[in-house]
Amino acid sequence: MIQTQSPPDALQIANRSFRSRLMTGTGKYRSFEVMRAAVAASGSEIVTVAVRRVQEGVPGHGGLGQELNWQKLWMLPNTAGAKSAEEAVRYAHFGREMAKILGQEDNHWVKLEVIPETKYLLPDPLGTLQAAETLIKQGFTVLPYINADFHLARRLWEMGCATVMPLGSPIGSGQGLQNAAAIALIIAESPVPVVVDAGIRTPSEACRAMEMGAAALLINTAIAQAEEPIAMGRAMGLATEAGRLAHQAGAIPVKTYASASSPLTGLVGSAVGS
């Protein structure tokens, strides 16, 4: 449920707080029924929706806006399909209107994606910067999807983006955290939440990203395309929680040599003269 007061260890983005640190998508599910159940099982409170696909009635997206309970979920419209900054800005406005129609009149959020080609689906840094600057001036809360590039991330948070969302590996690839070192650098320096987006395949990878200090994750394909999406949704939700708790708990340092877990003094046979 969308929070009006911050719960302990809430995910805080702009002026909103959430209990769950797992964001989910709505694409690639075999049915709306499975999607609803998987989102519920995950515990996710932020759900991203591809504005262009809903608007154009792409199979699996037509009527999507009415399939989820937006009184309990926060919509994150995304600009998937935008090949330029100009298209992204246009889709962002469509998304804001869609959120208003569905009852979220104060929702000015947008997951910004500018992807000019369809083979590799890698975000365009220049187009992203240009669109982000425009959208921030127009009053949007911008969550940009980017390559794991520290300098780009810094430009975006200095510009006023509410988060940065570096990719773990290409969208839908299931390659996991190929950019872990670069993401760790962004996490170490970012004053805004870092949301790892794209490429995560398994709950163990989700847990690892959270252990690194990510503020949240966005996972779609790994849940939607799993053999059992509902079970995978729950698994990803639990992994996100476990990774967050492990990060807060503080793992022991790696050591070169063994260190006994029980004291070696006072053992039988250790007395003088033995």
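Each Cβ is built from the backbone N, Cα and C atoms, and glycine gets one as well.
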Given that Swiss-Prot records Ala198, Gly199, Asn220, Thr221 as binding 1-deoxy-D-xylulose 5-phosphate, the matching residue among Gly172, Gly243, Gly250 is Gly172
Lys111 (active site, schiff-base intermediate with DXP) sits from Thr221 (1-deoxy-D-xylulose 5-phosphate binding site) (Cα to Cα, rounded, in Å) at a distance of 17
Taking all protein chains shown into account, the Cβ-based neighbour count within 10 Å for Asn220 (1-deoxy-D-xylulose 5-phosphate binding site) is 21
CA pair Ala198 (1-deoxy-D-xylulose 5-phosphate binding site) / Lys111 (active site, schiff-base intermediate with DXP), Å rounded to integer, equals 13
Expressed in Å to no decimal places, the gap between the Cα atoms of Lys111 (active site, schiff-base intermediate with DXP) and Asn220 (1-deoxy-D-xylulose 5-phosphate binding site) is 14
